[in-house]
Amino acid sequence: MSRELKRCSMARGCLQGVKYLMFAFNLLFWLGGCGVLGVGIWLAATQGNFATLSSSFPSLSAANLLIVTGTFVMAIGFVGCIGALKENKCLLLTFFVLLLLVLLLEATIAVLFFAYTDKIDRYAQQDLKKGLHLYGTEGNVGLTNAWSIIQTDFRCCGVSNYTDWFEVYNTTRVPDSCCLEFSDSCGLHAPGTWWKAPCYETVKAWLQENLLAVGIFGLCTALVQILGLTFAMTMYCQVVKADTYCA
């Protein structure tokens, strides 16, 4: 009897330690989701005119992605917090499965991206060129502003060449954001006054230059998720142990 009580006491002590660690982790996880959601809502409210460049996925904007991601992270964090506080095996297992599915989905997307880089490149360029035809049209203020900002900030013009715009305007003309020195209707001037660099390759090169930062962010994200999985499964096992020894 004394041995059983000792086992029960040890199991409950371990469970309490893991419980508070699990709760603290999920509280930070939930707060992180709140932050991402808040940034997404702020972007949607203040930068609503800045949308996606894709004509095939008009809702795939930075604001929408952040809102969806933040909401999902908050939901998972909430399940983890309640599961830890209530020592509920069902909620802990749900948290574990959801987080594992997210991790596997991220890994699958990463593998597919690197496996089909060339195909994704071709499709992205084709889709972006289709989007050019929506530039300056009614109801596409977001896409118009996005192209203007990219061409101005990256000092580039068109998707693969400034001549991409000739098909849009059906004449030798580019948007004013392509001009070396901006002025009204400068896009009607001679090609020597326009940026020559293709925007797709320019932005791609910029991303490759910052690949280390992207890789570190991805690695940190994966480590946080693995830590969450470890906490969830450890606490689940401790709850099972406590139930067994203290029954």
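Every residue gets a Cβ built from N, Cα and C, even glycine.
In TrEMBL, annotation is done automatically, which means it is predicted and not curated.
Long-range contacts of the transmembrane segment (20-45) within its own chain (CB-CB distance under 8 A, at least 6 residues past either end) are made by residues 62-78, 80-81, 83-85, 95, 224, 227-228, 231-232, 234-235. Residues or ranges marked as transmembrane segment in TrEMBL: 20-45 (among others).
Summarising the annotation, TrEMBL assigns transmembrane segment to 65-85 (among others).
Residues annotated as transmembrane segment in TrEMBL: 92-116 (among others).
On its own chain, Cys178 (disulfide bond) has Gln151, Cys157, Gly158, Tyr162, Trp165, Gly187, Trp194, Trp195 as residues at least 6 apart in sequence with a Cβ closer than 8 Å to its own Cβ. Annotation comment: TrEMBL describes Cys157-Cys178 as disulfide bond.
The transmembrane segment annotation in TrEMBL covers 211-232 (among others).
Here the transmembrane segment (211-232) has long-range neighbours at 18, 21-22, 25-26, 29, 80, 83, 92-93, 95-96, 99-100, 102-103, 106, 110, meaning same-chain residues at least 6 beyond its ends whose C-beta is under 8 angstroms from one of its own.
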